[in-house]
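S.K.: Per TrEMBL, active site is recorded for Lys10, Asp137. Annotated domain 'GHMP kinase N-terminal' per TrEMBL: 67-145, in sequence order. According to TrEMBL, the ATP binding site annotation covers Pro95, Val96, Ala97, Ala98, Gly99, Leu100, Ala101, Gly102, Gly103, Ser104, Ser105. TrEMBL lists 198-274 with the feature domain 'GHMP kinase C-terminal'.
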Amino acid sequence: MRLLVKAPAKINLSLDVLHKRPDGYHEVKMVMTTIDLADRIELTSLPTEDTIQIISQNRFVPDDHRNLAYQAAKLLKETFSIKKGVAISITKHIPVAAGLAGGSSDAAATLRGLNKLWNLGLTLDELAELGAQIGSDVSFCVYGGTAIATGRGEKITPIPSPPPCWVVLAKPSIGVSTAEVYRNLKVGEVAHPDVDAMVEAIRCQDYAAICKLVGNVLEEVTLKKYPEVAHIKEQMKRFGADAVLMSGSGPTIFGLVQHDSRMQRIYNGLRGFCEQVFAVRLLGERYPLD
Ligand SMILES: C[C@@](CO)(OP(=O)(O)O)[C@H](O)COP(=O)(O)OP(=O)(O)OC[C@H]1O[C@@H](n2ccc(N)nc2=O)[C@H](O)[C@@H]1O
Ligand SMILES: Nc1ncnc2c1ncn2[C@@H]1O[C@H](COP(=O)(O)OP(=O)(O)O)[C@@H](O)[C@H]1O
């Protein structure tokens, strides 16, 4: 049997870090939303019970136990004593190590897909709880849509989606380490975004307020280390985006814009000097169980 699952990227509209925890993680408060830029995951049942095979043409994607989709399959196999194997073919569209949760979304899509392929009958809440064992962003990716994420990112409260708009993304050709960005953050010395006000603006469908309130406490850390990221941010502003922010730990910069012609101008302008540029829509509500 074979199953196709979509694994969409996320952006952080607001990302605050409250403090460092005794377990080494940081307590966060974020607003995350999925966008229409997605990897495609194809799951094929294998008769050989101990095999988890990863297939990907992307040279940056590990094809062994380091792959988060592999870890998702292994977790389900071990937790539920599954005596079947699976081939996981990953067609990457989300740039790797970009702050867009590509690997986490592949893992979440694998959890959702294998739940169906192996008839496990798990709820999204149960899949999200399992996902948290793989990575902090996996729980959100299990649900998709728009949500407040707290704890180390794994506690998810759904909220309505923001009003429709374009999201233009530009990823400079560097990869950043999430762990290093968190390590270099000085929580007491940076400007903190107002996450509650962002949630309120989304509930009110107030696009202008959303644009004013975007903020990411990790941005300063990455921009300081990589001036090319700061340059892309400046250019995106100059080309006329309504709001411009770095996603997650970076280095991807996204711009929000409502008018088609302005989106096209920003996209064309950035393509002049940045290799990976995308213009996609915000996705709507959470998706149902695949
Ligand atoms: C920054 C964010 C924002 O959405 O996204 P990305 O930039 O990765 O997309 C996330 O917090 C990233 O989540 P994720 O990439 O799943 O992180 P994990 O694999 O759990 O952790 C990687 C490392 O980041 C640090 N980490 C992560 C989450 C957290 N709340 N505090 C931390 O200090 C830890 O050092 C950890 O070892
Ligand atoms: N399925 C996957 N797709 C992409 N990267 C993966 C995957 N599984 C593991 N990784 C590893 O995870 C790291 C972070 O990748 P990714 O999830 O794309 O970034 P981010 O956490 O910044 O959103 C990569 O350097 C890569 O080696």
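Glycine residues also receive a Cβ, built from the backbone N, Cα and C atoms like all the rest.
What does the local environment look like for each feature on the list?
M.R.: According to DSSP, Lys10 (active site) sits within a strand segment. Lys10 (active site) counts 29 other C-beta atoms within 10 Å of its own C-beta, drawing on all protein chains shown.
Residue environment of Gly99 (ATP binding site) contains 29 other Cβ atoms, counted within 10 Å of its Cβ in all protein chains. Secondary structure at Gly99 (ATP binding site), as computed by DSSP, is coil.
Just so you know, the Cβ of Asp137 (active site) picks up 28 other Cβ atoms within 10 Å once every protein chain is counted.
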S.K.: List, in residue order, those recorded positions out of Lys10, Pro95, Gly99, Ser105, Asp137 with a Cβ under 6 Å from any atom belonging to ligand 1.
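M.R.: The qualifying recorded positions are Gly99, Asp137.
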S.K.: With DSSP, how much of the domain 'GHMP kinase C-terminal' (198-274) is helix, how much strand and how much coil, in residues?
M.R.: 44 helix, 11 strand, 22 coil
S.K.: Any same-chain residues 6+ apart from Ser105 (ATP binding site) with CB under 8 Å of its CB? Would you list them in sequence order, or say none?
M.R.: Ala7, Pro8, Ala9, Lys10, Ala38, Asp39, Ile94, Cys141
S.K.: If you check the recorded positions Lys10, Pro95, Ser105 one by one, which have a CB less than 6 Å away from any atom of ligand 2?
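M.R.: Among the recorded positions listed, not one has its Cβ under 6 Å from ligand 2.
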